[in-house]
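Student: There's a structure below that I have some questions on.
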């Protein structure tokens, strides 16, 4: 067991001071948290600096904080921002470590068993270990996570109890230390020295923690006593300094001691006998044979190695949980008084609520056909009410909070003023009769001023027809549809910003990474057709696409005024009035955001010296494509090493596109 440091303070480092209505939002949020309020909503308009406000709140309340985002890309962006704000504190990243994941499944209609197939990202696995170890060692921790944080992880008590604690002067034999390391799933390898491994050279044991990627520790013995412990560069062996205490955390989150393992194996065997009897009674002899063979193999592996592939499916027995009891998750690694912040809560809470059912239906099929014991059903994500039971205090952050958040609390704190003085755009409604020619005139007016236009339609056919028509009219236009790959999508956004074309047509322009300051006009076709993209939240989010330009304007083409349209227009007008009053009072003139146009191709500069080469990938022969993949893979690892996961994901998608050509 390790002692957690509880007196560290968060230290926020920023060249900015809170401005606009940030000071009031920060003060209200902090007062409510310190006053014991369980849930509150930060309703911040696009571009008002919500992440900065969140950072100020974390620094002032000084609580370990879990920030949950609805996808890896957004989690990566937030992680980078929090890292900049808190360079002297533990800012951690916890997302699914699979680059590729095909879950275990069975399709009875075709009698097809799909074995679990996955590719684990070593860098992200390291960061997950770094997150859990930081939570057990200190209190000044921010973990930025995706919804994978509600999936089963392993007992924090077993994880903490298994820590191997070393210090100079400790009486322990070298062989005892080696056994202890093997017990916590470290692997001896005297040649290939990397994370989760150790090597032995006479009286010296070198250990490479699972949460590190560059530094290892050299433990030097004098007889049966530790003489000294030194931190070294894993690659060169260069000594970086001596340490007076070293805590080695397990190399896997699913760890249990020998006594607990024997109890778990006995329970697995008992459950196996029970399930075999059930299958035989039902005449399911094939299922019984399949289950017996698979489970007995896993039991043998657990007995001999303490681990087996798919060990998480036995986590109920290994953790000593009862049937139906929720699994341990990342949330259990936090102390009781931690703070949760849900970013883009209108999206994230929907994911959290929906995870359980999808996982359950897939696993029930595996259990019914003899691929897994029924206890595998308890290796699962948390149900909504189980997640809620972990909540001590929570802040939902969104420009458009969902129904769920509004049901949880009446405390809504608004953040409407942008530091740049930018206003929410003006919104007008025009009839659909003659809408295309009307829109053409508006586009041409924008082109003359070197500004850009977004057009959002409801159907693929309309988007394609509109794009073709505008091209005939001499407009430089592109259509962004769902089939476009990630890298190509980012290139399209870049080209729009550079003025390679002036108009972007799409169906769903709400996805992340689509904010373009040069866009001064957003046209919403079929605005009166109620649905996901034309409800109040969808319309407000779409209107927000024009909120980064001082000339921002939105035109809704519709023949009737729906309630969603009216509410979205009223809310935008309300925010705009508040922003205008603030600007007038403080003499602020709105300024279009000056955002650097990042050279998206530069991520692959060494492999692809110029843009022309990326376009002509099809002309490369098989060997040239193979060489390019090798170079790109090196750059992907480099980007991941620099914690630029968005960049790494873009390069990965390019690699997949090149591989698909063979």
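Cβ from N, Cα, C; glycine included.
Per Swiss-Prot, domain 'Helicase ATP-binding' is recorded for 31-188, and the stated evidence type is sequence analysis. Marked as ATP binding site by Swiss-Prot on the basis of sequence analysis: 44, 45, 46, 47, 48, 49, 50, 51. Per Swiss-Prot, motif 'Beta-hairpin' is recorded for 97-120. Sequence annotations record features per position, and here Swiss-Prot assigns domain 'Helicase C-terminal' to 435-601. The domain 'UVR' annotation in Swiss-Prot covers 626-661 and is backed by sequence analysis.
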Student: Look at each of the binding-site residues, 44, 47, and point out the one with the fewest other Cβ atoms around it within 10 Å.
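Tutor: Result for the binding-site residues 44, 47: minimum number of other Cβ atoms within 10 Å at 47.
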Student: So around the ATP site, 44, 45, 46, 47, 48, 49, 50, 51 aside, which residues have their CB within 8 A of the centroid of those CB atoms?
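Tutor: Here the non-site neighbours turn out to be 53, 399, 415, 418.
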Student: State the count of C-beta atoms found within 10 angstroms of the C-beta of residue 46 (ATP binding site), not counting that atom itself.
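Tutor: So the number of other Cβ atoms within 10 Å of residue 46 (ATP binding site) is 19.
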Student: Helix, strand or coil: which one is residue 49 (ATP binding site) in, per DSSP?
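Tutor: In the DSSP reduction, residue 49 (ATP binding site) maps to coil.
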Student: Could you tell me the mean pLDDT over the domain 'Helicase ATP-binding' (31-188), as a whole number?
Tutor: 87
Student: Counting every protein chain present, what is the number of Cβ atoms, excluding its own, within 10 Å of the Cβ of residue 51 (ATP binding site)?
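Tutor: Step by step: centre on the Cβ of residue 51 (ATP binding site), count other Cβ atoms within 10 Å, giving 18.
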Student: Sequence gap of 6 or more, Cβ distance under 8 Å: name the residues on the same chain that satisfy this around residue 45 (ATP binding site), in order along the sequence.
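Tutor: In sequence order, 399, 415, 416, 418, 424, 544, 547, 575 meet the Cβ cut-off.
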Student: With H, G and I counted as helix, E and B as strand and the rest as coil, say where DSSP puts residue 44 (ATP binding site).
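Tutor: Note: residue 44 (ATP binding site) is in a strand by DSSP.
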Student: Using Cβ-Cβ distances, find the residues under 8 Å from residue 50 (ATP binding site) that belong to the same chain and are at least 6 apart in sequence, listing them in sequence order.
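Tutor: Residues satisfying the criterion: 42, 44, 343, 397, 415.
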Student: Sequence gap of 6 or more, Cβ distance under 8 Å: name the residues on the same chain that satisfy this around residue 49 (ATP binding site), in order along the sequence.
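Tutor: Those within reach of residue 49 (ATP binding site), by Cβ under 8 Å and sequence separation of 6 or more, are 16, 20, 22, 415, 418, 419.
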Student: Give the number of CB atoms, excluding that of residue 48 (ATP binding site) itself, located within 10 Å of its CB.
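Tutor: By my count, 26.
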